[in-house]
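Report on the structure given below.
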Amino acid sequence: MGVVHLSTSLSVDSLSITAFTAKPKSISFFSTRRLKPVFPTKKDSLFAGFILKIEALNSRRIAGEMEIEKGIGATQKSIVDFQSIDEGLIQKMAFDALVWSSLHGLVVGDRNVQRSGQVPGVGMMHAPFALLPMSFPESHWKQACELAPIFNELIDCVSLDGKFLQDSLSRTKKVDAFTSRLLDIHSKMIEMNKKEEIRLGLHRSDYMLDEKTKLLLQIELNTISSSFPGLGCLVTDLHRTLLNDYGEDLGLDSKRIPGNTAVGQFAEALAKAWTEYDNPRAVAMVVVQTEERNMYDQHWLCTVLKERHNVRTIRKTLAEIDREGKLLPDGTLLVDGQAVAVVYFRAGYAPTDYPSESEWRARLLMEQSSAIKCPSIAYHLAGTKKIQQELAKPNVLERFLENKEDIAKLRKCFAGLWSLDDLDITRKAIEKPELFVMKPQREGGGNNIYGDDVKETLLRLQKEGSEQDAAYILMQRIFPTVSPTFFMRSGICHKDHAISELGVYSAYLRNKEKVIMNDQCGYLMRTKISSSNEGGVAAGFAVLDSIYLT
């Protein structure tokens, strides 16, 4: 789960998105304030020779900002000519898109309505989305899809190495109370010799396309609460519908938008796990937050699970599980009197999900049970930032994977990622903080440290001389290509420069030695204004999007 992870209550605050056009006039759906955009970025994994390229990257950043000041010349070739596009046409498309969203369930809860995160149907509004798909090279799209099953296998192997997980996170445990509690549960499972024979992972690997190197670089791999399979599919359908209606006017072909099967394949994986559990009276349980304005994304998955596979679901908070849960002698988990076959976490990834000991008791209860956890505590830990950084070290992938070609494919998408006990990198990050991102062991967006704050935080940690640095990792900032786009938020269309992040979903199901499912399962495109450091639709920084293959 990570930058960008998206499962907190959906915030749809209007961003101060600005127009790159010089037209001050506003029309029905447009806000066209003019403001100079600035270069953004993100984070990531391993990058050979990165230290030697620090100065070159900094020079490129400065040159890039100077180009942006010249205007649209700094942006990549767009799928349409945004400078000359007819505003009347966009007005019609925006209206049609809002109608389509309302009729097809591309909705979230309105944060201005008190009960919108608790009662379905109350205070609904359209999810934030891009009006047109974002161009994306077909070769990099195929690369990301090819990586999905390899990352699935890697996470599964890492999850089985309890010593690696405990040792890698041992320093973090001393200074991060949340990670420490997760590790304590993991330790108890090791002491109990608890084996997860049936293992289910619903993952999403997030990438950005680096503008300078043209490399697809991984930001993070989310192993818990990989959200938006439902709404992500709907945005793909919306864009295909719009291009079917207006593609001739825009010079675009709807067939260039790849199909998105995320919600169907995630439901299939949950159904297959339910079948492996082999109790036809059992239910799948979705662990949710007390207030969830992104509940409709979750309901889409549960609806498909019921209609296509006849698997019933229940929704419970961690506190409710503690209150209603019971463990039978044979390991069966009962919640409110119902046997649970599969536990699907859409909560439990952030400290705020555990306001009391009740929630921690629930997490431990589920781990001790025979129910299939998605994710198990080991899968959860395997997706932490620190483990990502450890896997980026030389010769570590070889500990878990044998296929040299697969290892090479993974390393190709790794960007720079380091521990703060690397004094050379720490010094360089203080000197050139704009080239790095500091990341704590947190999910959900809005937690990372950028720019001068990187320098100030590193200097403060050095001055304190404590082990607090173990709570963070350093990542290379990725400088993605800037493109123009239209943002739809709160019924208003804004034009601005934007950057995008591609997430590729995948599902992995294994029963002992038998791999039942290991597939790429659709995608999630998120787009944000280029002046925003943070990412995440649920955190209020980005909008949902799809891709147009070029």
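Using N, Cα and C of the backbone, Cβ positions are placed for all residues, glycine too.
No curator has checked TrEMBL annotations; they are predicted automatically.
According to TrEMBL:
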- R204, E220, 224-227, 292-294, Q298, 346-349, Y450, R526, 537-538: substrate binding site (BINDING)
- E220, N222, E443: Mg(2+) binding site (BINDING)
- 283-382: domain 'Glutathione synthase substrate-binding' (DOMAIN)
- K385, 439-448, 475-478, E501, K528, E534: ATP binding site (BINDING)
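Features per TrEMBL, on structure.
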residue: R204; record: substrate binding site; Cβ within 10 Å: 32
residue: E220; record: Mg(2+) binding site; Cβ within 10 Å: 27
residue: N222; record: Mg(2+) binding site; Cβ within 10 Å: 26
residue: S225; record: substrate binding site; Cβ within 10 Å: 30
residue: E292; record: substrate binding site; Cβ within 10 Å: 26
residue: Q298; record: substrate binding site; Cβ within 10 Å: 23
residue: G348; record: substrate binding site; Cβ within 10 Å: 25
residue: Q441; record: ATP binding site; Cβ within 10 Å: 24
residue: N447; record: ATP binding site; Cβ within 10 Å: 20
residue: R526; record: substrate binding site; Cβ within 10 Å: 29
Report summary line: If you measure between the CA atoms of N447 (ATP binding site) and E220 (Mg(2+) binding site) and round to the nearest Å, you get 14
Query raised in the report: When the domain 'Glutathione synthase substrate-binding' (283-382) is classified with DSSP, how many of its residues are helical, how many are strand and how many are coil?
Result: 43 helix, 26 strand, 31 coil
Query raised in the report: What's the CA to CA span in angstrom from Q298 (substrate binding site) over to N222 (Mg(2+) binding site)?
Result: 17
Query raised in the report: Other than its own, how many Cβ atoms are within 10 Å of the Cβ belonging to E501 (ATP binding site)?
Result: 24
Query raised in the report: Q476 (ATP binding site) to E220 (Mg(2+) binding site): how many Å between their Cα atoms?
Result: 12
Report summary line: Counting across all protein chains, other CB atoms within 10 angstroms of the CB of K385 (ATP binding site) number 24
